[in-house]
Amino acid sequence: MKQRLLFLGPPGAGKGTQAERLCAAHELMHLSTGDLLRTEVGAKTPLGQEAAAVMNRGELVSDELVLAIVENQLKNQNGGWLLDGFPRTLIQAKALEPLLEELKQPIEAVVLLELNDAVLIERLISRGRSDDNESVIRNRLEVYREKTAPLIDHYRQQGLLQTVEAHGSIESIAISIEKSLC
């Protein structure tokens, strides 16, 4: 099975759930950029302090800072990894690639979890988050598609993209992902 992976997909497609399962089953390091940021901030590392200052101003953490945090995690990593939540744009992907090349850890596969909007909206509303109403969700899906479409094309052109239909049980989706990575 391929060992250096990216997960892409719209909000509600099950990326986090499937990433956790795959990482546990194959001893991959799960690199969720949101979790990494929170860990760095909590540990009060220099990168974490820089990220905290930005987040406390209500701003988005820069691509450069996220890349530095990802690099920090990967430079001591000998085994496989799954990057979840980054890159989200083509610009981020093009910044990530030289770093991975330098570390001699190129991406081996990109898993795109796809699901129709009706199911995504239903899943997100059922989570019960206060900001998950239908109009907000539709807007998030539109932003996702706008930002991610060029990224999907980029990985498709590189021959890395594996598309998996994320409809069905957690187990059946996990099996489809596993098959796509062999």
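Using N, Cα and C of the backbone, Cβ positions are placed for all residues, glycine too.
Annotation source Swiss-Prot lists ATP binding site at GLY12, ALA13, GLY14, LYS15, GLY16, THR17, ARG127, GLY168, citing sequence analysis. Under the DSSP three-state reduction, GLY12 (ATP binding site) is assigned to coil, being neither helix nor strand. Within its own chain, GLY12 (ATP binding site) has LEU115, VAL119, LEU120, ILE121, ARG123, LEU124, ILE137 as residues 6 or more apart in sequence whose C-beta sits under 8 angstroms from its own.
The Cβ of THR33 (AMP binding site) lies under 8 Å from the Cβ of VAL66, ILE69, VAL70, LEU83, ASP84, GLY85, PHE86, each of which sits 6+ residues away along the same chain. Feature annotation from Swiss-Prot assigns AMP binding site to THR33, ARG38, GLU59, LEU60, VAL61, GLY85, PHE86, PRO87, ARG88, GLN92, ARG129, ARG140.
Within the same chain, residues 16, 19, 68-70, 72-73, 83-86 sit at least 6 positions outside the region 'NMP' (32-61) and bring their C-beta atoms closer than 8 Å to a C-beta of that stretch. Among the features that Swiss-Prot reports, region 'NMP' is placed at 32-61.
On the 0 to 100 pLDDT scale, the model's mean across the region 'LID' (126-132) is 74. The region 'LID' feature in Swiss-Prot is assigned to 126-132.
In this structure, THR33 (AMP binding site) is part of a helix by DSSP.
Of the binding-site residues GLY14, GLY16, GLY168, GLY14 has the largest number of other Cβ atoms within 10 Å of its own Cβ. Checking Cα-Cα distances from LYS15 (ATP binding site) against the binding-site residues (GLU59, VAL61, ARG88, ARG129) with a 10 Å cut-off leaves nothing; none qualify. Its own atom aside, the Cβ of GLU59 (AMP binding site) has 9 Cβ atoms within 10 angstroms in the protein chains shown. Here the CA atom of GLU59 (AMP binding site) lies 37 Å from the CA atom of GLY168 (ATP binding site).
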